[in-house]
Amino acid sequence: MNVRISGEFRPGVINAPSSKSFSQRYILYSAFSNIPVTLKNVSFSDDERIALEIARACGADIEFNDSLTIKPDFRCPDEINAGESGTSLRLATGLLAARRCKTFIHEEASLLKRPLDDLIKTLSEKNVVFNNLDNGIMIDASNSIPSDSIIDGGRSSQFVSSMMMYHSLTSGSLKALNIVSNDYIKITIKTLNDFGISVYSSNGFFEFGKTLMKGNKICIEGDYSSAAFWIVLGLFKGDIEIKNLKSDSCQPDAAIINIINGISERKIDIYNNKIVVHKTRFLGDLYIDVDKNPDLAPPLSIIGIFSDVAVHILNYRRLEIKESNREENIISMARSFGALIEKNDNEMVIRRGKISLPERISFSDHRMIMSSIIAGLISSGDILYENIENINKSYPGFLNDLSNLGYYILK
């Protein structure tokens, strides 16, 4: 679907969608651990729906009312579909191994390109057998033998999270090396704690205690990586209140508050469960480390396109292995609005050039589409946005939320 967006900005209120980093973990762990859970504030993004379908394939009964209730009755599935969800693929791989399943995992084309090697290597040492096929991977853990593990987390913290879930359901300890995005490990620890699993953690070493709890009721906190789009828009356009954001969140992308407040004349106001963003002037260059916050790179790059300060994206090469090659796509988006790009081995710098307005923008990556829309609204350009349906992967309510800020969609 292709759309244009019209209207004039007005101050408004946004409810941040659910953090799928939390919701996917809760859904999958409930299904594989046989522990029921009731979840409030689930936005039903494509990635969350994939996790729910995996839970169903494992025998879980799913009920939808004002909240989402998962009543598991675990059985090893013959097959599951991970779609384009890297999180579901990696977490389910460890969980299937823990339950000694023989299962085929379907993957969409883009997911087949994303790394899984380090996780496969660690599980293979436990006699888990993997066979790569054209449209997915076959895992056979029927003869697996649990033991202590070492995992290299240098390419993805999800490998570490997957093995943490594996050991929480089996036995043995875990040593994780070269952990990137350590706050995602904290999300996994909180998930396990909420299911009654105690986690001892010290310098990448993890041990697990098992006191399983029943009948959990959990409210999923709002997602900072989704809120980032509105934060950037508000910095250029005016006041936006964003609700359902915990001030003490362990989400790594909550770092956006300190990143912005460190360079902004007007600070983001922070309350217990909401923030307020104001139009501001920037006082210095912005630095974003992709090893810590890869999902913030697309929206924060917009600041370099339209402001007097530069955006420095550190460790940018890691962007190559996201849902798309976001390194190339950020450069494409920035240049389409006239920005200047400089690169060295470890840093990409985006600076404002002579502002230009593209006639159309075409990305398949959900975060790039939403970032482009925010850039277009800041520029006030008449732009055709393509593949708009792909934003459902993470933020199905994005277009509706635009209406809270004075905009409307022309299809």
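Cβ atoms here come from the backbone N, Cα and C positions, even for glycine.
Listed in Swiss-Prot:
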ACT_SITE  ASP295  active site, proton acceptor
BINDING   LYS20, SER21, ARG25, SER156, SER157, GLN158, SER181, ASP295, LYS322  3-phosphoshikimate binding site
BINDING   LYS20, GLY86, ARG114, GLN158, ARG326, ARG367, LYS393  phosphoenolpyruvate binding site
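Sequence features annotated in Swiss-Prot and their locations in the structure.
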| residue | record | Cβ contacts under 8 Å, 6 or more apart |
| --- | --- | --- |
| LYS20 | 3-phosphoshikimate binding site | SER43, SER45, ASP47, GLU48, THR87, ASP223, SER394 |
| ARG25 | 3-phosphoshikimate binding site | LEU91, SER161, ILE187, THR188, THR191 |
| GLY86 | phosphoenolpyruvate binding site | LEU111, ARG114, SER156, GLN158, GLU323 |
| SER157 | 3-phosphoshikimate binding site | ILE179, VAL180, SER181, ASN182, TYR184, ILE185 |
| ASP295 | active site, proton acceptor | SER225, ALA228, ASP253, ARG367 |
| ARG326 | phosphoenolpyruvate binding site | PRO294, ALA297, PRO298, LEU319, GLU320, ASP365, ARG367, MET368 |
| LYS393 | phosphoenolpyruvate binding site | SER45, ASP46, ASP47, GLU84, GLU323, HIS366 |
Winner by Cβ contact number (other Cβ atoms within 10 Å) across the binding-site residues ARG114, ARG367: ARG367
Cβ neighbours of SER181 (3-phosphoshikimate binding site) where a neighbour is any other Cβ within 10 Å: 24
Greatest inter-residue Cα distance in Å for the phosphoenolpyruvate-binding set LYS20, GLY86, ARG114, GLN158, ARG326, ARG367, LYS393: 20
Where ARG114 (phosphoenolpyruvate binding site) sits in the secondary structure, as DSSP reduces it to three classes: coil
Neighbour tally for GLN158 (phosphoenolpyruvate binding site), based on other Cβ positions within 10 Å of its Cβ: 26
